[in-house]
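S.K.: Attaching a single structure in structure tokens format; questions to follow.
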Amino acid sequence: MGNIFLSLLFTGTLFIQLNSNSGARDTLSLGASLTGKQTIISKNGTFELGFFSPNGSKWYIGIWYAKIPEKTYVWVANRETPARNRSGVLKLSREGNLVLFDAEGASLWSVNTTNKAFRAVILDSGNFLILTDGNKSETVWQSFENPVDTLLPGMRFGGQQKLVSWKSSLDPAPGLFALHMDPSGAKQFVLTWNNSVHYWTTGTWDGKIFSGIPEIADKQLFNVSVEGDSSGLYFTYMLVPNFNALARFVLTKFGQGQQSSFESTGWSMFWSVPRDACDVYGTCGAYAACDSRNLPLCSCDEGFKPTDDRAWLSQDWASSGCVRQSPLNCSTDRFIDNSVTLPDEGSSYAASTKKDCQEACLRSCSCTAFAFNPSSGACQVWSGDLLNMRNSTPSKINSNVFIRVGASQLSMKSKTTSIVGVVLGIVGALTVALGICSVLIWRRHQQRSMDRPADSSDSFLRMFSYKELKIATRNFRSKLGSGRSGSVFKGSLQDGTLVAVKKMQGSRQDEKQFRAEISSLGNIQHVNLVRLRGFCAQGSKRLLIYDYMPNGSLNSLLFTSNSTSKKKVLDWKTRFEIALGTARGLLYLHEECRGCIIHSDVKPENILLDGDLSPKLADFGLAKLMGRDLSRVLTTTRGTRGYLAPEWISGLPITPKVDVYSFGMTLLEIISGRRNLDLTVQDSSLYYFPPFAATQIQQGKTINIVEEGIAEAADMEEVGRSCVVALLCIQEDDEVRPSMRQVVQMLEGKMEPRTPHVPSSPLTDNDGDQSNSNSYSD
């Protein structure tokens, strides 16, 4: 019967498809259909609509970016009713309704419009429209009003609409997380888990920004508008006219909202909310703990294992979680101590001792865990699955949570301890023999690793072979720059992509440690950070592959001797955007990525400029890759003379405030167009520029600080604000300096800067790097 239906359907539409003058690849005409590999593509080739299958067994109608190598889906029609094979048919019926049929002719999905449609068109905005006939076609339905998990520029989102995450990487069915208007009526959007728990809010709209997402006020990238009517609040964002890139906001399977853009090198994230992935409710699923300092993010509690190993490997933690390794037996169960933060939804119970609290839990077969605080005498018990546990968090002190397990689990643990003792004895006896074998194996491994092929097992990074990089760089012929950690060379991959290849020197990490650090750095993506594309770790060789920046480093333009070229390129507006972008990149490293990263060498040489002169901060995270620990007092200074914070020299502990100091020194140079420490100037009182700048600011002569030739067209209010921010950043006392978040807010005009002290003369007796090497140096 199914075959008869399909035959009739194809016979009825074939004549229409062959004889319609659709010529337009972007249109589905009345009576026409799509099946199999057939698609329609927007006029400029930006978006494509057709059938797709993320898992090979279920088929969906969706929209994706047509020009991006990696399939990125922005809309799915039948996410809850997939076709079982590729024989489904999407048809704009003669009745004017768009319907998806399966192979048997059953309707899987339809738009159910009341107005008769005449054609369906996909636009370059990504919007899929169903239109009526006539010269003034009216829109009777559009995908922009029926979003899935993605917001595209131009979409009007709000009212009763919801964004709902995918269930997993391979399943676009509705997941656990949703973004929608606050049902209380407040002018804000909320993120919810399982249609019940609100775990994050945008903050209220104040006419310019949502208080919880100040980043959306970035006029460099987006124009944001919010309007309200009787149905609620509506949010729309558009790209600025000169921003030539694709952009999207997606509610990920992890429960985070992420704003990103795609340029020639791939997707780069502007911001994500909540900033800490562990702040997402239930992000690791049941009986698992979250730790934002480590990868993978989630781990099963002791006595538990992943529910679905495949899902766990795909990082689909929230939808799978963990299960007990051994079943419960109410009368014989015991408890395992887990040092984690208290899970949510606990109930208080009257108990004077830990034993009383434990007995209270044991008496109820539904009780799954308890916690007792001896100082306060508080007893908490939990029933059902345990969610929202964290191994560590900066704002909470870990508490002991005793989780219920079967008695057999403790027996297994006891047996394991005995077995370990026996095994250790055997291992000791075999140590000598294994030592001899290991030397032989190591030599063979070293030889094989020289020709190891590329793979993509480390995060989102590609592993290159050394041979590939020698070919790409023409045997490391074109040097872009060099520094203490290595030299950088220009290269071209097989697909023509230009890259910068850094050959590291002096790394003290073995291959396993190096891969672990690289894996964490690969997840760090921001529009103002240079993107790390891959790495090479063969034998003792350590190389990093970055995006190539065509305009080189900031110093090559800022301090060029060709004053005409400098004035033409680096006008005040460009300089201010470079400063603000650099500040945002540092803010992301300090507060918004997983674990605080101290750059430790901020200077114009490490600020690279892309084709649009947008700043990209380079060389972040190199201290870890070199085997250095910034969490303790260092004896070897990392940095450059003229940008070093006093604590580097005095031996005080290093904090993110060292980057604030270096940024302040760099900001002064951006404003003035000269080095802060320049012994070549004729007037010795100007050898060190900051005290002179501070005096000019106090006397209301800010214009004297700005480089000659650009002051006339400069926004002097921005200049004055930037000068004060720079001086605040270079205060000798690190506690007086602002944080990078405050720096960004002050530069944006959202926070009033306080009056700074006049900086003292610099310390010159230090062992910092005194060179000012060019692009891609450190």
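Every residue, even glycine, has its Cβ placed from backbone N, Cα and C.
I grabbed these lines from TrEMBL:
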- 25-143: domain 'Bulb-type lectin' (DOMAIN)
- 330-406: domain 'Apple' (DOMAIN)
- 419-442: transmembrane segment (TRANSMEM)
- 474-755: domain 'Protein kinase' (DOMAIN)
- Lys503: ATP binding site (BINDING)
- 749-778: region 'Disordered' (REGION)
S.K.: For the domain 'Bulb-type lectin' (25-143), what does DSSP give as the number of helix, strand and coil residues?
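M.R.: Helix/strand/coil tally for the domain 'Bulb-type lectin' (25-143): 1 helix, 51 strand, 67 coil.
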S.K.: Limited to the domain 'Protein kinase' (474-755), I'd like the whole-number average of pLDDT.
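M.R.: Computed over the domain 'Protein kinase' (474-755), the mean pLDDT is 83 on the 0 to 100 scale.
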S.K.: What does DSSP call Lys503 (ATP binding site) in the simple three-state scheme?
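M.R.: For Lys503 (ATP binding site) - judged by DSSP and reduced to three states - the answer is strand.
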S.K.: Including all protein chains shown, what's the count of other C-beta atoms within 10 A of the C-beta of Lys503 (ATP binding site)?
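M.R.: The answer is 20 other Cβ atoms.
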S.K.: Mind tallying the domain 'Apple' (330-406) by DSSP state, helix then strand then coil?
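M.R.: Tallying H, G and I as helix, E and B as strand, the rest coil: 9 helix, 32 strand, 36 coil.
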